[in-house]
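Quick notes on the structure that follows.
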């Protein structure tokens, strides 16, 4: 069989023709997941995952939303999970935003009158913020879990940022070091699952990717004053990856008339995989918040 006719395969060597996927504007294949309720969905919710991970880690959260008659959908970002692309490398952070909007457009074609929400964690929070700012009237609300708004001051000091920018010109693929999994959660079993997950990129963050994250932080700062949609912001006070001060900055900067911040004292970065009392609270907060906003959005759609 000629090579040109061979099916495209995931980095794990599974043919994309056997998997749900979309093809982005650059011709890259992205692995997708869908959690569909049995009847007509009350809302569409796109889940945007964080750096180095994949959308399968949001199954528990998605299943909860599905039980509320919501259609949850997601994809592995370029360079992540089962999607194509060099691991944790992207030519421009806008690619993540563009792909999100493409996926939303695709799903909305089948449900044009159903309100759509965004849910983003960490880097996925930054992607969601930028998507919402790009389409200020498109989304009915947004849920942010430990979003990337401010980088951790220890890892993004002025000297380190300058060094990274210089290295990006000469050694863009050199590693800045691995993500320390012990700072993700106080739940050791969840940390162990993270460490053993073969779909997570456990290699170090490359300089070129770190620069894209810094660029995203700058873009988010400029976008926050344009965020007028309702949003729920969940943040751990002891987050060592995304500075918790960013949560307060977003609350101050956004002109939204419907914005809620829930700060979890002592909690780490991955709140939906934290100690049971934190994770249960997070799921409850999301459940309550999104159910109410769906009712409001549905009322607006009535003739």
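Placement of Cβ uses the backbone N, Cα and C atoms for every residue, glycine included.
Annotation source Swiss-Prot lists active site, nucleophile at 122. As annotated by Swiss-Prot, active site, charge relay system applies to 239, 269. Per Swiss-Prot, phosphothreonine is recorded for 10. Annotation comment: Swiss-Prot describes 58 as 3'-nitrotyrosine, evidence class similarity to another entry. Taken from Swiss-Prot, the feature phosphoserine applies to 189, supported by similarity to another entry.
A map of Swiss-Prot features onto the structure.
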residue : record                           : Cβ contacts under 8 Å, 6 or more apart
10      : phosphothreonine                 : 16, 19, 29, 31, 82, 83, 84
58      : 3'-nitrotyrosine                 : 47, 49, 72, 74, 121, 272
122     : active site, nucleophile         : 50, 51, 145, 146, 147, 148, 241, 242, 269, 270
189     : phosphoserine                    : none
239     : active site, charge relay system : 146, 267, 268, 269
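Reduced to three states, the DSSP call for residue 239 (active site, charge relay system) is coil.
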